[in-house]
Amino acid sequence: MAVDMRLPTVKNSMSLSVSAAGRKDLVVPGDVITSDTGFMRGHGTYVDEDKLTASVAGEVQRVDKLICVRPLKTRFNGEVGDVVVGRITEVQQKRWKVETNSRLDSVLLLSSVNLPGGELRRRSAEDELTMREYLHEGDLISAEVQSVFSDGALSLHTRSLKYGKLGQGVLVQLSPSLIKRQKTHFHNLPCGASIVLGNNGFVWLYPTPRQQEEEAGGFYTSLEPVSLSDREVISRLRNCLLALAAHKVLLYDTSVLYCYESSLQHQVKDILKPEVMEEIVMLTQQKLLEQES
Amino acid sequence: MAGLELLTDQGYRLDGRKATELRKVQARMGVFAQADGSAYLEQGNTKALAVVYGPHEMRGSRSRALHDRAVINCQYSMATFSTAERKRRPHGDRKSTEMSLHLKQTFEAAVMTQLFPRSQIDIYVKILQSDGGNYSVCVNAATLAVIDAGIPMRDYVCACTVGFVDETPLADLCYAEESGGVSSLALALLPRGGQIALVQMDARLHQDHLETLIEAAMTACKGVSKVLDEVVRQHLQEASVLSRE
């Protein structure tokens with residue numbers, strides 16, 4: 001088998017504009033943002049001897065009197081209504097613990113899932129005992145943020161047929177800041193696969209289901225073999241996502257689809273080569289600009 | 001002292017530096033994609049790699065969790081090939097446990113742990129090549145990694161070792177100087193406020209000299225902080241340009 005090997009090289013970022021050099025709104029920890037006391041202290045700042053000081057490296061954002069510093073890279077800060085993809089880490093009494101790339105594990109209460117058998121009913125002691133049959137450690141789920149606790153932990157719910165256990169597919173873990181907030185984060189792409197763009201940066205790629213299984217309540221997972229063509233489409237999409245992420249392009253259905261289309265002339269395994277990656281991302285950005293205007 | 005002359009009459013040291021001169025510092029942030037934050041730092045011939053995970057849920061024993069702030073977990077290790085003599089260092093030996101503890105104390109002084117109750121921040125540092133000043137290089141590398149992870153800090157933490165030879169403080173000792181019987185002192189500083197995060201000295205020194213030695217260490221730390229500041233700003237600009245387009 002031919003193996004492609006190369007020496008490490010310095011990544012030359014494309015079209016690094018000089019205009020951005022020396023920007024004033026970039027701060028590092030310990031930088032004094034303002035010594036004026038009329039401002040409010042937001043995230044990423046602290047007050048040291050009456051001076052508002054940055055505590056993270058990033059961009060200063062000012063909304064009226066509130067000053068925040070947004071770091072370039074952080075863990076997921078959940079908000080109510082966010083769609084997340086997560087992994088079950090623990091089964092406890094009446095709740096599951098879910099790893100969602102946030103600062104504390106999220107909680108999925110037994111009372112906020114749709115149990116198989118449909119219909120609303122009381123959660124009995126029996127349900128508590130059989131929790132592990134629905135979801136056990138290592139399972140992937142999609143869910144929505146129901147509320148945020150005072151310590152920053154998230155409470156999730158899967159009270160809709162859209163959400164629930166994820167079956168066969170591919171998980172891609174990216175930075176949460178790359179996901180564009182949209183009305184819907186579930187897309188059936190015309191190329192033959194479906195995508196869940198979790199706000200927490202976890203992206204789930206799976207073959208488009210043929211018909212909706214309604215009665216299972218989101219706990220049914222299909223174990224049918226996935227055809228080779230579907231798997232190829234999914235791996236191509238995965239590589240496209242990684243390419244877009246490497247060049248910090250916002251991810252949403254259109255950008256992913258355009259990237260997929262631009263990558264069609266290359267083999268799936270070649271997409272991750274730096275020069276091919278750059279070419280594909282350039283094409284995608286061109287298409288996005290054309291579509292905007 | 002036998003043999004080695006650490007400071008010549010002309011004021012030059014073994015490697016040709018002046019007494020207050022630092023070694024060349026080169027650093028890169030964001031070297032790993034998988035970790036929350038990472039950095040690589042070279043200070044002369046000492047090279048270190050730092051990786052930060054977190055803040056995340058307590059892993060392992062949950063009883064260690066603190067209800068009002070985050071726990072900082074540090075792990076220091078040295079590669080087998082890092083010293084002149086090839087040596088396997090099993091995980092958790094005396095020396096590295098002590099170093100881990102020092103790193104932990106240093107970063108507890110700088111990281112705003114009270115913002116992340118009941119969570120944990122992991123800092124892993126590995127020395128790839130050891131040529132003196134391991135502690136300070138680890139602190140400098142870990143600072144960059146923590147900043148890369150977007151974890152709030154009061155200020156940079158910069159560290160430097162200084163030695164005392166012929167009534168002169170020498171900044172940023174290399175291995176030959178450290179092993180040459182110099183009484184050395186390691187100091188970690190929050191440069192803007194001038195607060196000291198950690199001082200360590202296990203050699204004998206006359207009380208009268210301590211002040212000059214600490215003074216020299218603080219100046220050296222401020223020198224290091226200037227270099228780190230440049231690295232962070234450079235990284236910030238590159239990254240923000242990419243994300244803006």
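First residue shown is number 1, and so on along the chain.
The backbone N, Cα and C atoms fix where each Cβ goes, and this holds for glycine too.
Copied over from TrEMBL:
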DOMAIN    A:26-63  domain 'Exosome complex component N-terminal'
DOMAIN    A:75-147  domain 'RRP4 S1'
DOMAIN    A:169-208  domain 'K Homology'
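Applying DSSP to the domain 'Exosome complex component N-terminal' (A:26-63) sorts its residues as follows: 0 helix, 21 strand, 17 coil. Within its own chain, the domain 'Exosome complex component N-terminal' (A:26-63) is flanked in space by residues 69-72, which lie at least six positions past its ends and keep a Cβ under 8 Å from the stretch. Note on the domain 'K Homology' (A:169-208): DSSP counts are 3 helix, 19 strand, 18 coil.
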